[in-house]
Amino acid sequence: MEQVGVIIPCHTKEEFDQQLQKAIESKKLVVIDFTATWCGPCRIMLPLLEDWAKEFPHVLFLKVDVDELKSVTSDWDVEAMPTFILVKEGNILERIVGVRKQELRQKIEEHHSTSAA
Amino acid sequence: MAVSGFEGFEKRLELRFTGADPNGPGLRRLGQFEINRILEAAQCTIVSGLGNRFFDSYVLSESSLFIYPSKIIIKTCGTTHLLQSLSLFLHHAKKLGHYISSCTYTRGNFIFPESQPFPHTNFKEEVSFLENDLPPRLSERKSSVLRSKTSHSWHVYTSRDPNMLETGAQNEVYTMEVCMTDLDRSSARRFFRHENYLSGDEAGREMTERSGIGSIRANSVICDFAFDPCGYSMNGLLGSSYSTIHVTPENGYSYASFECVGLGLGQGQEMEEVAAVLARVARVFGPGTLSVALRAPQGAEWSIGEAATVLEPMGMALRGARAVDVPGGGNVVFQAFERRREL
């Protein structure tokens with residue numbers, strides 16, 4: 001079952017790994033949003049990400065709650081929120097820390113377009 | 001000096017609260033809508049933000065905001081109406097079950113005082129505005145103006161509720177506020193944008209790297225932003241401690257500020273760290289005049305002349321030092337320096 005146009009929350013490490021694996025196979029750009037319920041700046045980004053998920057249906061938006069997936073958070077060296085990591089075919093392309101609306105948007109456009117088949 | 005220009009000197013408000021869930025998110029539960037309303041009253045907006053396990057930080061259109069579970073620090077520059085935010089902070093904190101236990105207001109001296117809105121027109125007005133908005137139970141109050149032989153002076157207002165005990169850890173921290181004017185021209189030039197295709201986020205990161213700001217406190221996670229056509233702001237997060245820098249680089253009224261809360265936290269090497277950080281800051285900006293205000297906790301007060309041992313070898317001369325005790329213990333030491341004229 002393919003979910004398109006929405007942000008997909010990953011509640012277990014298995015779900016997260018599975019989503020990444022699928023994206024490697026489909027060569028999709030993945031935007032991982034490391035977030036926390038208690039993080040004020042994260043709340044600023046949420047509505048934007050929801051819009052972008054609709055606007056870029058070929059980009060996979062994953063959400064990781066840093067309290068829920070502690071091991072994933074530390075594996076990916078996330079120490080401040082929000083952190084956005086852009087991944088394609090298993091490679092980290094960008095790491096954007098903080099509310100950086102313009103930069104994140106530009107990077108999604110850039111890496112999304114290079115993948116357009 | 002220019003007849004009028006952008007006012008770099010910030011006004012700073014630090015509010016501490018007691019109340020429910022000391023280990024929970026506390027004031028970090030303040031909603032985005034409420035925060036925006038409060039900032040609107042002060043006449044500024046959020047341009048960027050970054051949080052960690054300990055607190056949230058925001059870069060504002062005019063300086064910065066920090067929200068801890070039981071502490072709020074807001075500093076704004078330009079002609080913002082900072083004190084208009086006070087009653088709104090108190091109101092929204094109360095709705096979350098948090099009650100103010102102490103308030104500190106500090107600022108340097110404005111370059112363009114006649115451009116400031118009420119009550120920032122003079123310190124007396126500011127103090128009476130504060131006293132009017134704060135609850136009477138904050139009964140231990142003190143206001144001081146610390147002057148120097150330079151154009152820099154320091155205004156401090158503190159008040160606290162003697163019957164409310166604040167959570168221990170947050171009282172143990174050092175706060176350093178540095179104001180710098182007449183910046184070295186080539187240093188100031190780095191804070192003008194040259195590449196227009198870069199976003200404010202990316203241009204900000206470039207300025208952080210090029211200027212040397214990135215190595216003032218290594219290991220900080222930095223949130224930076226470059227304004228158009230010039231100007232720069234950053235917040236650096238390091239555990240529960242932060243540093244923040246704001247730069248107005250225009251010639252004639254160039255200004256930069258550095259602030260750090262929680263220096264040397266728990267490492268027992270506060271003196272060494274403050275000295276090293278201060279030296280790096282002075283090296284990045286090469287100011288003609290620099291003043292530093294250090295607020296130290298009780299039992300670890302600073303002695304006059306501490307900063308001189310670092311800045312004098314860099315060609316700065318001490319032009320005034322004052323200290324005042326603050327209600328509840330601890331003190332504020334203010335020292336001003338001027339670049340020695342070359343012979």
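Glycine is no exception: its Cβ is also placed from the backbone N, Cα and C atoms.
Because TrEMBL annotations are produced automatically, they should be read as predictions rather than curated entries.
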* Asked: Do you know which of B:F6, B:F118, B:F123 TrEMBL groups with B:E62, B:F227, B:E250 in the substrate site?
  -> B:F6
* To do: Could you state the whole-number distance in Å separating the C-alpha atoms of B:F227 (substrate binding site) and B:S233 (active site, proton acceptor)?
  => 8
* Structure fact -> The recorded positions listed are B:F6, B:C77, B:S233; by CA-CA distance, the one closest to B:H246 (active site, proton acceptor) is B:S233
* Residues B:F6, B:E62, B:F227, B:E250 binding substrate per the record - widest CA separation, whole Å -> 16
* Asked: Out of the recorded positions listed (B:S63, B:S233, B:E250), which are within 10 Å of B:C77 (active site, proton donor), Cα to Cα?
  -> B:S63
* Structure fact -> Three-class DSSP assignment, B:H246 (active site, proton acceptor), comes back as strand
* Among all the protein chains here, how many other CB atoms are within 10 A of the CB of B:F227 (substrate binding site)? -> 19
* Asked: Around B:F6 (substrate binding site), which residues of its chain at least 6 apart sit with Cβ under 8 Å of its Cβ?
  -> B:C77, B:G78, B:G231, B:T248, B:E250, B:Y253
* Structure fact -> binding-site residues considered: B:E62, B:E250; fewest surrounding Cβ atoms within 10 Å belongs to B:E250
